[in-house]
There are 2 protein chains.
Amino acid sequence: MSKIKLGIVGYGNLGKGAIEAIKQTQDMELVAVFTRRDPQHLHLDDQNVKVAHISEASDYKNDIDVMLLCGGSATDLPEQTPYFASMFNTVDSFDTHAKIPEFYKSVNEVATKNNTTAIISVGWDPGLFSINRVMADAIIPNGENYTFWGKGLSQGHSDAVRRVTGVKNGVQYTIPSEDAIENVRSGENPELSTAEKHNRVCYVVAEEGADQAAIEHEIKTMPNYFAEYNTEVNFISEEELKRDHSKAPHGGFVIRGGNTGAGHKQIYEFSLKLDSNPEFTSSVLVAYARAAYRLNNEKQFGAKTVYDVAPGYISPRSPEELRRDYL
Amino acid sequence: MSKIKLGIVGYGNLGKGAIEAIKQTQDMELVAVFTRRDPQHLHLDDQNVKVAHISEASDYKNDIDVMLLCGGSATDLPEQTPYFASMFNTVDSFDTHAKIPEFYKSVNEVATKNNTTAIISVGWDPGLFSINRVMADAIIPNGENYTFWGKGLSQGHSDAVRRVTGVKNGVQYTIPSEDAIENVRSGENPELSTAEKHNRVCYVVAEEGADQAAIEHEIKTMPNYFAEYNTEVNFISEEELKRDHSKAPHGGFVIRGGNTGAGHKQIYEFSLKLDSNPEFTSSVLVAYARAAYRLNNEKQFGAKTVYDVAPGYISPRSPEELRRDYL
């Protein structure tokens, strides 16, 4: 069987994760990584991977089945997805929730016109969490969805901590409130604000001689970021920070509590506990590359989301095997 | 918008649940329940529901979009699904795992020939659990799937308890082992037998004067059913049995633990906690009726499984709404 040929655009954490994820498959192979940097000076962990400049991508039109777009949502993807979707099937992880309809429209136009298939907003949220919110809502109409994030390292909140006077370095974890989760799991369908659903825990390295009490107070009272939350501040050494807090864990929960018939409680729950957020996200992108390839073979052109992709399309296994061994 | 018109075949627990589930939707309506019994003598909880004899179903070919087949897997569905799929789009909950390939083949032949769409083996296992086993496997190839069932009332094991001499009445719950679940959640990917994954708890009403120690011993040493398991036997009164054990709860967990990249642990988990197993199962059937209807409109004829159904197809919401509010 010939393999599905993939390209990767962007050599950040997501692109690196995608290289590893492709290696774990039997049915896909990596053709090249495309970068905006000078390919000569890009040092790859794996020397066997071919690197090319992003401007050369169009030369690969006949050699790549699906392009994995591993750039960021703020500035990269709004430009890159329409550009690459004019030449390739694509999968991206666009996650600026509020701009998804507009993004979908621009990608759909290009992909429809060029007979390509572009699956947008793939990953775990948006992505797997989105699927579960919709399926739970469809199956238990009389109920309530809850999404909890964490335990996860939050880049934005870590940055906020590091901007505080006297802070040398630091990280922030968003942690779902155990009480809130238990409350939701009990089927009570409580009203919960984001702050009630999550706690914030900071690990801070203070500058020598800095006033730790002042730092703690400034963090805990910072509006929008921390003031509304139950926030914990821990002071640690630079060594401890490096040793214990250099990974990028994340995860979370989608829970729907609802009722059927004469008031029987039904609790639907999906959760992820990830040691590496970017590696997991890129693993989802790689699995959905199969779907982009297959949908395109079926002439299902245009922009798609995870809602348009049947589960069997992301699996390397045949329909017969799935029915026999997994159903 | 005109509603999707449904029929129900069978007025057991699943059929009753389906009547309730349809009421919770805005976009579907029930046309009639079909029964093998004399419709005159079938007492329905809801007097507004129309009842007809199963032999009259063919008269409804133009009035029903999707037929929900609510019979059992042992003898009903192997006959009923091919029969009804010759006239209607269908959804069923065929769950004899070993016979699914053969069942699929016989249904697919009829449905393909008659331009109908028959979604087989819908529910939570097979069904939602199957989806999660396959998606987790596709996303984290380097890992292991675990399925735990319970806490759930097991009909077969309850029957076995009731056959013991001196037992007047009783029920048995299958309970997933907390230790085993924690072990799997830790990402250790342990080897676990079914017996190691589950415990069994019995609530027994003894005949007056019966030897409770002898009953307990006979249950705990019963081969295949209990001997291999950690089994607990509790004696209760007939009143307690009625009061506390007359529901049909069930549920379970699908967990995949695996590694990405240089050994980062990733834990994927899906779980259900159901107060009423038949009501939840029928709610899944009703949601998939939307998919059967839509797939048929797209001329996707033949037998399908949950692997062939994109998540958006089971939702009452428009693709625009899903992308805007749920992605």
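Here the Cβ of each residue, glycine as well, is placed from N, Cα and C on the backbone.
Feature list (source: TrEMBL):
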BINDING   B:11-14, B:35-37, B:70-73, B:93-95, B:122-126  NADP(+) binding site
DOMAIN    B:123-276  domain 'Meso-diaminopimelate D-dehydrogenase C-terminal'
BINDING   B:TRP149, B:THR174, B:ARG200, B:HIS250, B:ASN277  substrate binding site
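The shortest Cα-Cα distance from B:PHE94 (NADP(+) binding site) to any of the binding-site residues (B:TRP149, B:THR174, B:ARG200, B:HIS250, B:ASN277) is found for B:ASN277. Applying an 8 A CB threshold to same-chain residues 6+ apart, the list for B:TYR11 (NADP(+) binding site) reads B:VAL33, B:THR35, B:ARG37, B:LEU42, B:LEU44, B:VAL51, B:CYS70. DSSP assigns B:TRP149 (substrate binding site) to a strand segment in the three-state reduction.
Looking only at other Cβ atoms within 10 Å, the busiest spot among the binding-site residues B:ARG37, B:HIS250 turns out to be B:HIS250. The record assigns B:TRP149, B:THR174, B:ARG200, B:HIS250, B:ASN277 to the substrate site; their largest pairwise CA distance measures 18 Å.
If you compare Cα positions, B:TRP149 (substrate binding site) sits closest to B:PRO126 out of the binding-site residues B:LEU14, B:GLY72, B:GLY123, B:PRO126. Cα spacing between B:ASN277 (substrate binding site) and B:GLY123 (NADP(+) binding site): 10 Å, rounded to the nearest whole number.
In this structure, the binding-site residues B:GLY72, B:GLY123, B:PRO126 were compared by how many other Cβ atoms lie within 10 Å of their Cβ, and the smallest count belongs to B:GLY72.
Looking only at other Cβ atoms within 10 Å, the busiest spot among the binding-site residues B:PHE94, B:TRP149 turns out to be B:PHE94. Taking CA atoms as the reference points, B:GLY123 (NADP(+) binding site) and B:HIS250 (substrate binding site) are 13 Å apart. Around B:LEU14 (NADP(+) binding site), the same-chain residues six or more apart in sequence whose CB sits under 8 Å from its CB are B:CYS70, B:GLY71, B:SER93, B:PRO278, B:THR281, B:SER282, B:LEU285, listed in sequence order.
In three-state terms derived from DSSP, B:LEU14 (NADP(+) binding site) belongs to a helical segment. Confidence across the domain 'Meso-diaminopimelate D-dehydrogenase C-terminal' (B:123-276), taken as the mean pLDDT and rounded to a whole number, stands at 95.
The local packing around B:ASN277 (substrate binding site), expressed as other Cβ atoms within 10 Å of its Cβ over all shown chains, amounts to 23. When the C-beta distance to chain A is held to under 8 angstroms, none of the binding-site residues B:TYR11, B:ARG37, B:GLY72, B:TRP149 remains. Taking only the Cα positions, the spacing between B:THR174 (substrate binding site) and B:PRO126 (NADP(+) binding site) is 18 angstrom. For B:ARG200 (substrate binding site), the same-chain residues 6+ apart in sequence whose C-beta sits under 8 angstroms from its C-beta are B:HIS157, B:GLN172, B:TYR173, B:THR174, B:ILE175, B:PHE226, B:TYR229, B:ASN230, B:THR231, B:GLU232.
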